[in-house]
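Report on the following structure.
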Amino acid sequence: MKSLVILISGRGSNMEALIDAKLPARIAAVISNKPDAAGLEIARVHGFETKVLNQRSYPVREAFDTALAEIIDAYEPDLIALAGFMRILGDDFVNRYCGKLMNVHPSLLPAFPGLDTHARALKEGVKIHGCTVHFVTSQVDHGPIIIQAAVQTLPGDTEETLAARVLQQEHHIYPEAVRWFMEGRLKISGNRVEVSNAVADGSILYSPELS
Ligand code: GAR
């Protein structure tokens, strides 16, 4: 059976979605760069092996990346899933795991890479926002896109209400993307990802709806 390692930094709700999805893959370990990440306890409760690599002990980025790669390689995972892993990884690390490193991001990339995506989306007045699962490249929050989910912004939305609706969709699309990967259905061609047997009907999302 194929295996994955999940990297987290905090709450761990996307990690939990991956756990709950009963994927055709073994979760070999959950690794956090922060000792107090709440997701670590959730992983332990589910019986998964956890590891902490405290980023404070590694002021030099390359040293942290090397230590992280050593831990990961011991598990020989097919995929490394970043699930709210809020540390920028260096080029060497990203290239080492090219095509095997996935991330979920709370915006419709390439719009709103980085932090505070929901507040920025509201400030820009976008009518459609969402989330993206993509393969990781050395450019932060960029890389071949596997799946996206769109949500409408609503009158009266706050950062919190919008974030909650987007997070719900993250929990749908991340397990789906990982499942496709494990089933061998993803092919990266340049900056595009072909998903074999995926259903797309060309439908259009209006926000607000047309009357
Ligand atoms: C999620 O919204 C995820 O998309 C985001 O951090 C949150 C982690 O929540 N990741 C990024 O912004 C990556 N650039 P979680 O710990 O509950 O999964």
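Cβ from N, Cα, C; glycine included.
Per TrEMBL, the feature active site, proton donor maps to His105. Applying an 8 A CB threshold to same-chain residues 6+ apart, the list for His105 (active site, proton donor) reads Pro113, Thr117, Cys131, Thr132, Val133, His134, Asp141.
According to TrEMBL, the N(1)-(5-phospho-beta-D-ribosyl)glycinamide binding site annotation covers Gly12, Ser13, Asn14. Under the three-state DSSP scheme, Ser13 (N(1)-(5-phospho-beta-D-ribosyl)glycinamide binding site) falls in the helix class. In sequence order, Gly39, Gly84, Leu167, Glu170, His171 are the residues near Ser13 (N(1)-(5-phospho-beta-D-ribosyl)glycinamide binding site), counting only same-chain partners six or more apart with C-beta under 8 A.
In the three-state DSSP scheme, Arg61 ((6R)-10-formyltetrahydrofolate binding site) falls into the helix class. Taking a C-beta cut-off of under 8 Å and a sequence gap of six or more, Arg61 ((6R)-10-formyltetrahydrofolate binding site) has these contacts in its own chain: Ile88, Gly90. Here TrEMBL flags Arg61, Met86, Arg87, Ile88, Leu89, Asn103 as (6R)-10-formyltetrahydrofolate binding site.
The domain 'Formyl transferase N-terminal' annotation in TrEMBL covers 4-178.
According to TrEMBL, the feature site 'Raises pKa of active site His' maps to Asp141. Other Cβ atoms within 10 Å of the Cβ of Asp141 (site 'Raises pKa of active site His'), summed over all protein chains shown, number 20.
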* **Within the predicted model, mean pLDDT of the domain 'Formyl transferase N-terminal' (4-178)** => 98
* Which chain neighbours of the N(1)-(5-phospho-beta-D-ribosyl)glycinamide site, leaving out Gly12, Ser13, Asn14, have a Cβ atom within 8 Å of the mean position of the site's Cβ atoms? -> Ile8, Gly10, Arg11, Met15, Glu16, Ala17, Gly39, Ile42, Ala83, Gly84, His171
* Asked: Among the recorded positions Gly12, Ser13, Asn14, Arg61, Ile88, His105, which have a Cβ atom lying under 6 Å from any atom of ligand 1?
  -> Gly12, Ser13, Asn14, His105
* Structure fact -> Comparing the Cα of Asn14 (N(1)-(5-phospho-beta-D-ribosyl)glycinamide binding site) with the Cα atoms of the binding-site residues Met86, Arg87, Leu89, Asn103, the shortest distance belongs to Asn103
* For Asn103 ((6R)-10-formyltetrahydrofolate binding site): DSSP state (helix, strand, coil) -> strand
* If you draw a 10 Å sphere around the Cβ of Leu89 ((6R)-10-formyltetrahydrofolate binding site), how many other Cβ atoms fall inside it, taking every protein chain shown into account? -> 23
